[in-house]
Amino acid sequence: MTLIKRLDFEEAKFSLYFLGYENPETIPNDSSEKTAFLFNCKATLDLTHNWGTESDPDFKGYHNGNSDPRGYGHIGITVDDVYKACEGFEKLGVEFAKRPDEGRMKGLAFIKDPDGYWIEIFDFGRMSGLINGPSS
């Protein structure tokens, strides 16, 4: 994924990061052109950073929702090939919550971001077979 645009809101003390699967060479440099480009992308991921927690010694961290008490679970990202993507994550030292051939659901993976949030990695070709297959 590529960072398309970052917007900082100093008075409200937060930033928005917009990411997408865009060729970095096609993203305009001009701020207003970049904004227009952003809102014409097919799909983007918008991440919010609330300022201050990184320098607060009493901040215990956000709960990732994958252990009790459960809540938010994860986001999912599609890739062309789960196994090749996981080879790349392995080389980068990314921590896995589930590798493609572990568990009952084969062919998909879960990696963890630096804060422990889960990110599902899957491709539509494999998932459509699982979703459209016979119910058990």
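Each position is counted from 1, following the chain as shown.
Any Cβ shown, glycine's included, is placed from N, Cα and C.
Copied over from TrEMBL, here are the features:
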- E120: active site, proton donor/acceptor (ACT_SITE)
- H74, E120: Zn(2+) binding site (BINDING)
- 1-124: domain 'VOC' (DOMAIN)
In the domain 'VOC' (1-124), how many residues does DSSP put in helix, strand and coil?
26 helix, 38 strand, 60 coil
What's the number of neighbouring CB atoms sitting within 10 A of the CB on E120 (active site, proton donor/acceptor)?
18
The domain 'VOC' (1-124) [mean pLDDT, rounded to integer]:
87
